[in-house]
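**Student:** Pasting in a structure now, in structure tokens, and then I'll have a few things to ask.
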Amino acid sequence: MESLQFIIELLGTFAFAISGIRSASSKNFDWFGGYVVGLATAIGGGTIRDVMLGQAPFWMTNSVYMVCTAFALLTFVMLKRQFTRLSKTWFLFDTLGLALFTIAGLQKTLIAGYPFWVAIIMGCMTGAAGGVLRDVLVNEVPLIFRKEIYAIACILGGLVYWVCTLVGVPVALTVIITFWAVVVVRILAVKYSISLPVLKDPDLWKK
Amino acid sequence: MESLQFIIELLGTFAFAISGIRSASSKNFDWFGGYVVGLATAIGGGTIRDVMLGQAPFWMTNSVYMVCTAFALLTFVMLKRQFTRLSKTWFLFDTLGLALFTIAGLQKTLIAGYPFWVAIIMGCMTGAAGGVLRDVLVNEVPLIFRKEIYAIACILGGLVYWVCTLVGVPVALTVIITFWAVVVVRILAVKYSISLPVLKDPDLWKK
Amino acid sequence: MESLQFIIELLGTFAFAISGIRSASSKNFDWFGGYVVGLATAIGGGTIRDVMLGQAPFWMTNSVYMVCTAFALLTFVMLKRQFTRLSKTWFLFDTLGLALFTIAGLQKTLIAGYPFWVAIIMGCMTGAAGGVLRDVLVNEVPLIFRKEIYAIACILGGLVYWVCTLVGVPVALTVIITFWAVVVVRILAVKYSISLPVLKDPDLWKK
């Protein structure tokens, strides 16, 4: 179970880093820029969470996240033309990572003694804030604010975790249920193009 | 007094959240995007302050800020066409909030044992950094860096607080004087279009 | 030695602030905007480092950085037309500052008990993150992600520091060697237009 979580976490880190490196490549960043944006995407959410919880950022105690991002950069540079064809693979890794990051954020916040509503916010932030940081660094409007269900899947996962805890489901089972809830919500949302309503600018109504 | 402060704080949070949600709507963000930008505008400045002071972000101990932002989002979605007509109301709320956030930042920093010049910076940050965060998240140039007197009102308020403390004015009266100083400076600056000089690009002089 | 370091640190702060104020002027920010962007450029990297290390930001205990940035703003406003002609001076100050900021970041992280790979990241962040913050605040794509060797000079400096420590070079000498390593790498990279390879967008290959 432990080592399975670790493998999924690495896959998620890898997929998040790839998504950052791809954004960087669309702006013709150099290798260093790609590495930094990839890293920010992969570890940004968890870092903001840890700083808010008053703890040392998680990546400062284990260099595996740095190595994993370097590996993602190498993979990107080497695979080149074959890259776009693998987009379903990246989507799958990304979704698994999203689910696990959310759970990690939930658990770390609960262990720090905060109530569930804070944990749900932190779970969402762990999963989704890296993507916001990525878009800020490449000077684009954050994608997750106007496209599909992404962060909402994290929040729903947090609610599922909460309900499971309330009704006394064992932790190991709660983790598994939450994991699948996030994954299924995200996949269904993409498959059926489910999205939230869009805000309309009130000034536009006047015209 | 206590409950009056709390009501003003909620009005300020509401107005800051509305300003974030309006920016989000101008970029066609969805409801989630509007909520996050509204929240970042409302609690961003105080969160940066708390992290720098080494304390837990204030909103993590009281869910009222989350609820208040949700209420702002609902209000925005429901009022729709009538919204622009209320702009004077939002301006008033926003100015009251700015004044109170500045004072909260000042006091929290002084209590933490820092000198007055740090407190003035933190007061300004509490009032104005949320707006910078809002503009970064919607990918616009921060408004307060090139329009009217806004953050300067916070700094003047901080100086007023400092002078009041130096000459021995009781705290309750100092708070009231500072509050009105910020409000009056901001309203006068907008009414008479007072602004700071603009920096000119030296490279443009050559042409 | 101590006072020499302090003078270089002030020159570096000044040069970093000037670089932020110039960016602000290219967007017609007002004086306040210029001051904030200058300050963010000068102290941003060290602030992020300190927050991650769980320490109070360094500028909160010494007002010299605020004063130095104010002096940079005054210099900029007064020198006006003569400004662009001094660009070699700013480049020199900036490079000296980069080297010293890198060393400060390295040493502070090692003292906090972290391993060398964390220290190298923090050294790089101290030197280069301020420039990223500057570009985010003026809504531009970060320059250091796609131009010349800049952050890489910090990383090389960190590696030099590490090797010196491994082979038992005394600290004072290690600092001097690292300092010149960063300065020389940066100057050579600019002189001979050395840069990293650029990432290419895989979607463009298909066309």
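For all residues, glycine too, the Cβ spot is worked out from N, Cα and C.
On a predicted model such as this, the values are computed, not experimentally measured, just so you know.
Summarising the annotation, TrEMBL assigns transmembrane segment to A:6-25, A:32-52, A:58-79, A:91-110, A:116-137, A:149-173, A:179-199. The domain 'Glycine transporter' annotation in TrEMBL covers A:7-79, A:92-164.
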**Student:** Take a look at A:32-52, A:58-79, A:91-110, A:116-137, A:149-173 and tell me which one has the most Cβ pairs under 8 Å to the transmembrane segment (A:179-199).
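**Tutor:** By the under-8 Å Cβ criterion, the transmembrane segment (A:179-199) pairs most with A:149-173.
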**Student:** Within this structure, do the transmembrane segment (A:58-79) and the transmembrane segment (A:116-137) have 3 or more Cβ pairs under 8 angstroms, counting pairs 6 or more apart in sequence?
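**Tutor:** As far as Cβ distances go (cut-off 8 Å, pairs 6 or more apart), the transmembrane segment (A:116-137) and the transmembrane segment (A:58-79) do not touch.
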**Student:** Write out how many residues of the domain 'Glycine transporter' (A:7-79) are helix, how many strand and how many coil, based on DSSP.
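**Tutor:** The domain 'Glycine transporter' (A:7-79) comes out at 62 helix, 1 strand, 10 coil.
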**Student:** Would you list the DSSP helix, strand and coil counts for the residues of the domain 'Glycine transporter' (A:92-164)?
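**Tutor:** Output for the domain 'Glycine transporter' (A:92-164) reads 59 helix, 0 strand, 14 coil.
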**Student:** What mean pLDDT does the predicted model reach across the domain 'Glycine transporter' (A:92-164)?
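**Tutor:** Computed over the domain 'Glycine transporter' (A:92-164), the mean pLDDT is 92 on the 0 to 100 scale.
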**Student:** Please report, as numbers and ranges, the same-chain residues at least 6 past the borders of the transmembrane segment (A:32-52) whose CB is under 8 Å from any CB of it.
**Tutor:** 13-14, 16-21, 23-25, 58-59, 65-66, 68-70, 72-73, 76, 101, 104-105, 108-109, 122, 125-134, 137-138
